[in-house]
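Straight from Swiss-Prot, the features:
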type	residues	note
MOD_RES	Met1	N-acetylmethionine
DOMAIN	41-148	domain 'HPt'
MOD_RES	His83	phosphohistidine
Amino acid sequence: MNTIVVAQLQRQFQDYIVSLYQQGFLDNQFSELRKLQDEGTPDFVAEVVSLFFDDCSKLINTMSISLERPDNVDFKQVDSGVHQLKGSSSSVGARRVKNVCISFKECCDVQNREGCLRCLQQVDYEYKMLKTKLQDLFNLEKQILQAGGTIPQVDIN
């Protein structure tokens, strides 16, 4: 094990995860999720987040189809998708996705199709940004472990 390389990777990991919180991508729920991961379940967070991203993709696609026809929008179906997306984003600590869902729900409540389309575009953008950033984070974790190090705990508060 090269302790200098491990220390650099760990520092990079800590800085990166702090930046994700500072930029509003993540909230404390992500920290709580990370606490559930241990040596027996080393990929727990990555697996949960992967399921979240799969759900996001499906929900965004379903809502997009529901909003396609301007004369026949099923706002109840869109609202149901927004509700599911908000719940799952809250459970993994995807703060920006969750925040867009709040605005999205307001647009559904007043049956504002244009507002819903804007929110759909924004939630798709935020989910894709977060996916890229968390993939980078998980790759950094793998590099640390492959170098013989341990994943550092990061105190965000």
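Indices start at 1 and increase along the chain as displayed.
From the backbone N, Cα and C atoms, a Cβ is placed for every residue, glycine too.
Counting residues of the domain 'HPt' (41-148) by DSSP class, helix then strand then coil, yields 91 helix, 1 strand, 16 coil. Counting every protein chain shown, the Cβ of His83 (phosphohistidine) has 15 other Cβ atoms within 10 Å.
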